[in-house]
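The domain 'ABC transmembrane type-1' annotation in TrEMBL covers B:89-314. For B:1-24, the entry in TrEMBL reads region 'Disordered'. Per TrEMBL, the feature transmembrane segment maps to B:39-61, B:81-114, B:126-150, B:180-198, B:248-270, B:295-318.
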Amino acid sequence: MAKRIDVTGLTAFYGTHRAIEGISMHVQPKSVTAFIGPSGCGKSTFLRTLNRMHEVTPGGRVEGQVMLDNEDLYGPGVDPVQVRRNIGMVFQRPNPFPTMSIYDNVVAGLKLNGKFSRAELDEVVEKNLRGANLWNEVKDRLHKPGSGLSGGQQQRLCIARATAVEPDVLLMDEPCSALDPISTLAIEDLISQLKSRFTIVIVTHNMQQAARVSERTAFFNLAAVGQPGKLIEIDTTDRIFSNPSVQATEDYISGRFG
Amino acid sequence: MPATQTDSSPPGGLEPAPRRPSAVRPGDRIFSGLSKGAGITLLVIMAAIAVFLSIRAAVAISANEGNFLTTFEWDANASPPYFGIAVLLFGTVVSSVIAMVLAVPVAVGIALFISHYAPRRVAGTLGYVVDLLAAVPSIIYGLWGALFLVPQMTGLYSWLDQFLGWTGIFAYDNTPARSLMTVGILLAIMILPIITSVTREIFKQTPKAHEEAALALGATRWEVIRMTVLPFGRSGVISASMLGLGRALGETMAVATVLSPAFLINISLLESGGGTFAQNIASQFKEAGSMGRDALIASGLVLFLLTLLVNGAARLIIARRKEFTS
Ligand SMILES: Nc1ncnc2c1ncn2[C@@H]1O[C@H](COP(=O)(O)OP(=O)(O)O)[C@@H](O)[C@H]1O
Ligand SMILES: [Mg+2]
């Protein structure tokens, strides 16, 4: 079930280095929110605070509040493992488990949650591979290793793996940056379809992509190298690209820096 | 994956030096000649050794009055000689199997602890200690085994006898514990460091991307290890175990120091008796006559074949799932 995210005053550290500072925003359910900004401004870091992956990095630490509907993700007694089961993630480089078959990759997350019958698993595999527009390409080799697929297919497999556990939110960190243009279009189509089921947050360095797939866009920036990244503004994608309220956003969009 | 640079033209837009296709540089010729010569010499020496050993072994086996494979006695110096490897094969296999069963799970556990659980400082120290243990000479382990381990084992063995004595395998007669079981335990301790340090290095190389994929699915630390680290390190663990097994099969001094050898197969692994190929060669070589030595050589060749067989099997296991490892 898609949920909304409310972030208040979020600051993230790597050891003593303050990577992002004072970020507050709302992410609407069943919509696509894009994060854009120059590289190093903390988009990935911020994304990873939303499913508590940031603290996996040695020295990673977070201050501030992230609410998923009414649940405080950083509240006392909240198990980060449980948070990650509800908030899926797709990475920059396709990373299917190389020792597992395509089939086992899709159900990998499901198997962590409990026991399922073969028929149930079959159904989940078909539903999510269809959902990832990959079913027709792989249905005859479900038990072959996922590493035998092309990069674009591998990324769609990773999306199927993430959606198979029916998460509340799907986070994507530059999911197309390692892919060719055709595969990129396939993934963008897929994102547009998936937003009927999930809340989607996507980091992209490609502004056309943000314009194509997202309803709302957040622009991040940093004052100087070594300074913490900050959220400059978040608005509907139309407004960000046509009439942003901050000059820095307009400079970035029109290619004057970054 | 790093792209391999195949372009050999010099950087900086320089014209490539004109090639003289016919003229081979003298340095190249000397080096090529040297390496070819070394390679051929090595092969010839190895072939010569193999031929020499095989001939000597054949001499002993053809003079043998007993059955080389099934005879329990070892009277190779008698005339006619009467000997067989049954006891040695049994002792070698049993002690090595005990060593592997005990050492591999513990080694994998320690390696996982060092690579994925321990805080960085602890992991560093522990890794260093393990590497240090791998460098201890085997005679030291042997002395430690004879002076410390053997007396310590009697208590454990009596206890085992109390509960499992009825199986026969764990029967114990309260004699000094200079048995195949003690040898197996000592061998396990000896091969633990090498298996640990090799598997640790493999586990550390598990791609971060795969571990993060598992974490992002909501895997606990143990589940991450089960989904990514262990499958990734599987063939490495097998190779490391083979390294350890090779050492266990061929270990001489430590076994000779601890075991109280006898040419019999004792159903109880806790009671003394038995022998291993390497230990038997070391114990008998000095007093052996010419025929006795040839017989020992024959037994050594069997040990060699056994090692080859084990390694071949390991390779097969690794190759079977090659498709699923990238
Ligand atoms: N593992 C890490 N350890 C230390 N600093 C990091 C790490 N990852 C990122 N950073 C720092 O955090 C800042 C933000 O990085 P990142 O979130 O990757 O930016 P983006 O995704 O927008 O390119 C950068 O200054 C970067 O150097
Ligand atoms: Mg990034």
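Placement of Cβ uses the backbone N, Cα and C atoms for every residue, glycine included.
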Of B:39-61, B:126-150, B:180-198, B:295-318, whichever stretch has the most CB pairs under 8 A to the transmembrane segment (B:81-114): B:180-198
Other parts of the chain folded back onto the transmembrane segment (B:126-150), taken as Cβ under 8 Å at six or more residues beyond its ends: 110, 113-114, 118, 176-178, 182, 185-186, 189-190, 192-194, 196-197, 200, 251-258
Tertiary contacts of the transmembrane segment (B:295-318), as residues 6+ beyond its ends and Cβ separation under 8 Å: 53-54, 56-57, 60-61, 64, 68, 74, 76, 81, 83, 85, 88-89, 92-93, 235, 238-239, 241-242, 245-246, 249-250, 277-278, 280-281, 284-285, 288
